[in-house]
Each structure stands twice: as C-alpha cells, then as structure tokens.
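Engineer: Once you've had a glance at the structure underneath, I'll fire off some questions.
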Amino acid sequence: MHFQWDWLCLGVLIIGSVTAGMESEENLDADVEVEDFDKQSQEADVDRDKSSIEVVYLTPKPTGEVYFTETFDEGMSRWVLSVTLKEDMDDNVAKYDGRWEVEELKENAVPGDKGLVLKSVAKHHAISTMLTKAFVFDDKPLIVQYEVNFQKGIDCGGAYIKLLSSSNDLNLEYFFDKTPYTIMFGPDKCGEDYKLHFIFRHKNPKTGEYDEKHAERPDVDLKKFYLDKKTHLYTLVLKPDDTFEILIDQAVVSKGSLLENMIPPVNPSKEVDDPTDQKPDDWDERPKIPDPNAVKPDDWDEDEPAKIEDPDAVKPEGWLDDEPQYVPDPNAKKPKDWDEEMDGEWEAPQIPNPKCETAPGCGEWVRPMKNNPKYKGKWRAPMIDNPNYQGIWSPRKIPNPDYFEDLHPFKMTPVSAIGLELWSMTSDIYFDNFIICSEKEVADRWAADSWGLKKLVASANEPGMFSQLVTAAEEHPWLWVLYIFTLALPVGLTVLFCWPGKKSDEYIDFKKPDVSKQITKGELKEETEEFEDDELEEEKENEDTGEDERREMDEIKRELIKETKKMGREAPVSEDEGEYGEDIYDDEEENEVPHEEENQVADGSQEGDWLNKSDSEDEKKEADEGMGDRPLKSVRKRRVRKD
C-alpha cells in the first residue's frame, strides 16, 4: 500500500511538471507561422538573456541590389514635406502641417540609432522621397520592409506607406491623399478595428480606370502588435507568380493569391444580372402563409388584459395611508440670492419621509398586479406552407459587357517614390529602416543589423516574470486570487497524497508477525475454545457437503493437534509437571483415533480431554496449578474458506 502511495505522489509531481512545461510553451508560441531567421539574426539572439548588455550600433548597409534604403541616422534631408491641401475640406484643417522629427526611441533605444517620428496630434502629415531607382514589375519579386513603434500606443491613426506610381508630372511637394499610388501597405487602427493594409491599384485593361483591390484580413490578433509599445518589423513580399506574403517580425500573418484573395476580385465575373429584368407582379416569395381555413375559437377573448390585480393580496399591517412618501426637507433654507420675481416661489426640496423607513409603506395602498390566467392575446391564424410559393426571385443572367481576364495582376504600374500620408490622434509614432529590394536574404540581413539590435536591447531590458506578474496584479487585483489558488493547489495535492499517514488496523491485522507471540495457558485455553466453537459452527454449516470437504477439514484438525503437541513439548516445565505433560502427549499419540472420533474431540475443550485422561481430580488440580501462567507458544487459527 505504501508503495502505491509513492507511485501516486510521483505521478502527481510528474503531471505538475508537464503541465508547467506545456503552459510555458503555450506562452512562448506565437499565433503566427514563424519563418526561419537569417543566420546573423540567430547569432544576435544568443546573448538575449543578458540584462546588462552593451550594443555597438553601426548603420546597416545593404548586402545586395536594392531600390531604396533609409535609416534616418543622418537626418531627413532627402525627404520632402508636402505643402499642398487636402481636397474637399476647410482650409484650416486641410493643411499638411503635421510635424516630423528625427530622434531615438524613448524606451529601449539603441545609442546612435535614430528614426522618423510623427509628432503632432489631430493633424495631417505628408512626407515623401524618391527611390534610388524605380521598380518595374517584371520577373523579380518586390520586397518592402520597415519598422514601426507606437511609442504611446495608438488610439486612432495609421502607420502605412504608399509606393507612388511613376509619372512625368510627379511632384513630391504636392503629395496628398489623391496622389496616384501603386501599393499601400502597413498598420492602421481606429477604435477597436485593427487593420494591416495591403492594397494595390489595378488598371482595367478595357477602360483604363484604376480600382483598389484589398487583401483579405489576416487571421491573427493584431492588437498586441499595436499596443505593446515595441518596435515591430512589417514586410510585404510580392512574387511574379501572383502570390503574396505579409509578415510581422519575420513571421507570416497572411498569404494568398492576387487572383483569389483580393476584395473585390481582380477579374470580374463572366455573367451579370440583367438590369432590364423585373420581377413579375404575381410572383409569390412567401414560403408560409396564414391558414385561410382557420377560425378563432369561441372562448378566445382578445380583450382580457395581460395583468390583473391580485385579489388575494392583503395590505401589510402598519401601512401608513396618511403619510406621503416624500416630505419637504425641514433643514433646507432658501438661498440668499433667490429672487421670487425671477425664480418664483421657493420650495424646499423633497426628501424621503423618515416615518416610512420603519413602516411597510406609505401613501395609498394599491393591490399588486399578477399575470392574468385568462389572457391569450390577439388571435392569429396558424401558418401553413404556401401552395403558390415560387422561391426568391432573381433577375436573369447576361454576359458581362465589362468582362476581362488579367492572368498576371503582378504586372502593376511601376513605382518611383515612397511616401507617408497620415492622420493620427496619437503622437510619437516611430518609423525606421526602410528597404525595398528583390531578394529575401538581403531584407533578412538588413533586419538582423537593425531591427535585430532593437529586439535584443528590448529583451534585455524586460522585467523578470515575477515583476510582470506583480504589475499585472496591480492593474487587475483579481489576479491575486488566481495566483494564490495556483500556488495552493499543488501544495495541497502534495500534502494530501504524499504525506505519510497511519497504517490502518486492517493492514496491521493481516500482517503476519515474524516472531511467535508468548501467551499464558489461560489465554491458550480461551483461544482453543474459541477455535472449537468456530469449528462446530462450520461443521453444522457443512453437514450437507461432500466427503472430500470433510476429509480436508479432518486433515487440518490433525495438523492443529500436532502443532499443539509440539508447542507443549517445547514449553519449559518443572520436574513434577514434566511427567504430567509427557503422560498427556504420550496418551495422545497412542490413542490417535479416526476422523469420526476426532470430531467428537472437537465438540469439547481440548484442554478438558487432556485432563479427563488423568486418574483423579487431585491430579487435574495439580496440573492446573503446575501449568499456572507459564508462557506457551500460541497456535494461530487457520480459517478455511469454502470455494
């Protein structure tokens, strides 16, 4: 039994350890599919657990062909501020007068690493710059990547970028919301609507007009990326096979096809509804109708009210009918500046009647209302299937006159500039380390040399788990109850299952002792008599049993008699008692009888049989006195269990 409790205790401890490990893994797992980091990024994460880390920042350099890079370490001299106005707005709010600054992060800053910061609240911001060389959508992928940090969180505003379409009349000083762009990408949030935009403008090959195509929403929770005040890396990958991927912190959050996962679809449907088709006047779209043959029952009374007064209600004793529920405040005084001509006659404010506080109620007593058992409401005929039902009408289809099929929407309008045109109710939005290229390895290396350092510093400066738990409990006090329960549960289970307990009496009773117990003759006599009584009861119960069972019982009795003899020989006796003992056992050996006679012996006391073989009552008395309380080895009872 003790061995089983040890195994149970060990099992509880193992389950607790496995559960804790699973919880740790769940906390570490992201909600997104993680891609393999570049080797340099993995090496940068080796010393992440060192809190007192020193980072030497070097402005990242691209390792391959790029179309644009920007670190802002040397300021924003190459960027152009917009001086135009938004259309369809008043001049005082249509200005792009939002302020931009180049500065380091407020928290977890890497010394020497600067970024572009949106500083104004509730103002329009517009800033742009030309690419190093234009990107043409041909046979190379397009990779756009940059960093964003909502240093104060975000209430309502965006942090997306626009890749401006190439044109001969592109003037960055007049960059505004209507400036043609090819791609818009980045985070945006207002209220509880968290978005990650990927929009591209598609040119209709028939009409030449541009339509915006929006990617489907990601299936992950974006809230944590916008509110944790950490620097996050946003990446868009467009491939010549008309597929795309959107990544946050080098983890895929959305992917799909430009032909299948855009809203509205790139290619229109082949058929459309006929605008000239109209629904016939006799078209019946009702699946159910009132039964025209139904009749209102004669006992249906539509005039019965839903509620009636309870006739069994009784006014409570002590109800104060003559006392109003509210009385003028006796302590109120008319204000000194009260003008009765202007304000009218002054009246003291009403307060609850203090006499009603100790009474069941005040004022006129009214019987309470109860549901009317006779109420049925307005009668309506039951509904039946409409025999004239024709289904939901829809216009007939005709070939779409505007149908076209663009099998390669990747071939978009070339881009030659990048810009940020934003409005925000939150300031200090941080942008840094823009890169536009065609090779994923180049973008990953760029991220390892820039965003990887920020991530390393932020991880090193994060508080320990205990501090985070305390901080969370300060914001949500109910967490203390959860903490206490979490700590008390394993302790309680450990004490319950692993603490050594007392052995039960049943366990002690069934355990066979290693050493024979020394008892007196009197105790031996009582035990023998008890055994014989048990034997008699068993014999009575087994009168109808077979001969085989009777023989088995006889053999057991013989063994008991032999053990009793053996015990008598081994017990120390005096010289006088020795003869008596020998006479008894000698007589027993010489006078062994068949099992039928032994059954007669079992009907009486064994000790009495020995004494009956003596020649006189004096010898019996002497034998009893001689035996006294001299210790003898006990004979343990053997119980026979019937099949």
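Every residue, even glycine, has its Cβ placed from backbone N, Cα and C.
Sharing the feature lines straight out of TrEMBL:
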- 270-289: compositional bias 'Basic and acidic residues' (COMPBIAS)
- 305-315: compositional bias 'Basic and acidic residues' (COMPBIAS)
- 526-547: compositional bias 'Acidic residues' (COMPBIAS)
- 548-569: compositional bias 'Basic and acidic residues' (COMPBIAS)
- 573-591: compositional bias 'Acidic residues' (COMPBIAS)
- 610-632: compositional bias 'Basic and acidic residues' (COMPBIAS)
- 633-643: compositional bias 'Basic residues' (COMPBIAS)
- C156-C190: disulfide bond (DISULFID)
- 1-20: signal peptide (SIGNAL)
- 478-499: transmembrane segment (TRANSMEM)
Engineer: Sequence gap of 6 or more, C-beta under 8 Å: which same-chain residues meet both conditions with respect to C190 (disulfide bond)?
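Structural biologist: Those within reach of C190 (disulfide bond), by Cβ under 8 Å and sequence separation of 6 or more, are C156, G157.
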Engineer: Counting every protein chain present, what is the number of Cβ atoms, excluding its own, within 10 Å of the Cβ of C156 (disulfide bond)?
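Structural biologist: Other Cβ atoms within 10 Å of C156 (disulfide bond): 14.
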Engineer: When DSSP states are grouped into helix, strand and coil, how many residues of the compositional bias 'Basic and acidic residues' (270-289) land in each?
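Structural biologist: Going by DSSP assignments, the compositional bias 'Basic and acidic residues' (270-289) contains 0 helix, 5 strand, 15 coil.
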